[in-house]
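Asks: Please find one structure pasted underneath; my questions will follow.
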Amino acid sequence: MMAGSFLRAALLRSVVFVICATMLAPILIVMIVSFSGDGYLKFPPQTFSDQWYLRFLTNARWVGSLWNSLLIALMSCVVATAMGFLAAYAMVRGAFSMRKAVMALLLMPLIVPHVVTAIAIYFMSARFNLIGFKPWIALAHAVVALPVVLIILQSALKAVDPNLERAAMIFGCGRAGVFRRVILPLVTPSVVSALLFSFLISFDELVISLFLAGIRSETLPVRIWNSLMLEVEPTIAAVSTLLIAATCLALVIEWGMRRYQEHRFGAKA
Amino acid sequence: MPLGPLAKWLLLAPAVALLLVLFLTPVGWFISASLMELGSWQDIWDEVAAVMGTGVIVRSIINTNGISLAVTLLTLVIGYPVAYAMTRARGLTFTLILVCVVLPYFTSTIVRTYAWMVILGRNGIINQLLLGMGLVDEPLQLMYNRLGVLIGMTYVLLPYMVLTLFATMKSVDGRLLQAAAGMGARPMTIFTRVFFPLTFHGVMAGSLIVYILAMGFFITPALMGGPGDLMMAMLIEREVELSHNWPVAAIMTIILLVITLSLYAVYTRFSDSSEERLA
């Protein structure tokens, strides 16, 4: 009996270890390959260099696509977070008879395949000559980022005690004051999370950009896609490593914000 | 403070307007305008019948469901022990497992797909390794076939399964397991009679979400699949980009939407707080 449970635990541990290693390995391999000094993809690399990063940074088309991605993601995350915040507040504090229906609508872009959303927006955009127009692409990205923002902010706002808002109002604080002095400070970490995650969603989005970017606004993922169609070259490893670094940075900032907030208020906000 | 009805709708207005202008209208417009191109109801119906009788299209529907089912089962079998280990782990171990699940989850799909192309390619890492050790004489075909699609998609969708299962398993009351053990149940019995039934709705929710997302997959099968792995999303893209055949794309879209949305309706039944699980 004892030996059996010990064996089972050891077996589970090794299975989980192998799975976790396999989950992480592809990401680590890409990062290692990106520093390869060899002429082609070889693992482990025989020599190390920054040649693929230089090749990326000296190529106008790659750098241009990086700027396009940053610009679009920045616009998109601000729009998605602002709209999502207002909607989340309405969902949490408003009395709803059709809350489920509204929520189902707001979450729909997560369920509907991106190809469908992308082609539909493309169909419309082509008629209004909006292909390649960056604010338009940003809005399209905001559509798929909105559900995630909404989920994050809704659960954050649910945790804000309505009595705090009431108390502030009794002491003569207006709606705007309550918002600025009570609600916002309490949910700041979640607003930052929402901004970061919606930024990442837009920054990494491929399918919608593929249709809407045109030649003018090729984003980084679209550039990777076009390049992958031709060959699996190590420059993409360098670009991928930059994208992975951006993800890590976002996750670390998010984690840090939460730790800070817990420390400050002594509880999970 | 409770909000009045007007304030409530004013706050919702921007988000609803965004979805109306850039989601509902385009989808509705694309489908109706493309079908209208065909002419009368009779013509539309004839086209639907013709589409459903086309070998490539029928095969893509079968492929899509077959691949989605396989990926769902793979993520379930692989994800279940990981989610279970997460509920048991504390401190550093928990953080390490979480990083292994969450980092891929938030990494771009195209980057994750590229990573597997580096590993599985003809001159990829696995083939270099096997050739180097003399285990094979020529590179194995690990990609541009069904195997590549399954590996790539399972990798991309695994975090969804693990996080959904973890959310359910975390809420299982450990005292129930202790009670079962106290009354003499063996570990296997505790698992099959207590733990698994208690996590069953998580299994259903996770499986449905993975299946739904797999149905609409495009990037990974397009890059890692072969000619025999054409999925519905790829076919829709091809009809639009290459053949400019909007009516066929619209009909395929309707089929895809009907399947995914009805599965989503089932999904909402299995997860009372569907919103939180999706995040």
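Any Cβ shown, glycine's included, is placed from N, Cα and C.
According to TrEMBL, the record shows the following:
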- A:12-35: transmembrane segment (TRANSMEM)
- A:66-254: domain 'ABC transmembrane type-1' (DOMAIN)
- A:66-89: transmembrane segment (TRANSMEM)
- A:101-124: transmembrane segment (TRANSMEM)
- A:136-157: transmembrane segment (TRANSMEM)
- A:178-201: transmembrane segment (TRANSMEM)
- A:235-255: transmembrane segment (TRANSMEM)
Asks: Could you give the residue numbers and ranges of same-chain residues that sit at least 6 residues beyond the transmembrane segment (A:178-201) on either side and whose C-beta is under 8 angstroms from one of its C-beta atoms?
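Replies: Residues packing against the transmembrane segment (A:178-201) from afar: 73-74, 76-78, 80-81, 84-85, 89, 141-142, 144-146, 148-149, 152-153, 155-157, 159-160, 164-165, 168-169, 246-247, 250, 253-254, 257-258, 260-261, 265, 269.
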Asks: Any residues 6+ beyond the ends of the transmembrane segment (A:235-255) with a Cβ under 8 Å from its own?
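Replies: Same-chain residues near the transmembrane segment (A:235-255) but 6 or more away: 27, 30-31, 33-34, 36, 41, 52-53, 55-56, 59, 62, 66, 189, 192-193, 196-197, 199-200, 203-204, 220, 223-224, 227-228.
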Asks: Is the number of Cβ-Cβ pairs under 8 Å between the transmembrane segment (A:136-157) and the transmembrane segment (A:12-35) three or more, considering only pairs separated by 6 or more positions?
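Replies: When sequence-distant Cβ pairs are counted, the transmembrane segment (A:12-35) does not touch the transmembrane segment (A:136-157), since fewer than 3 lie under 8 Å.
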Asks: Take the transmembrane segment (A:66-89) and find every residue of the same chain, 6 or more past its ends, with a Cβ under 8 Å from one of its Cβ atoms.
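Replies: Beyond its ends, the transmembrane segment (A:66-89) has Cβ neighbours at 106, 134-135, 137-139, 141-142, 145-146, 149-150, 152-154, 156-157, 183, 191, 194-196, 198-203, 209, 213, 217-221, 242.
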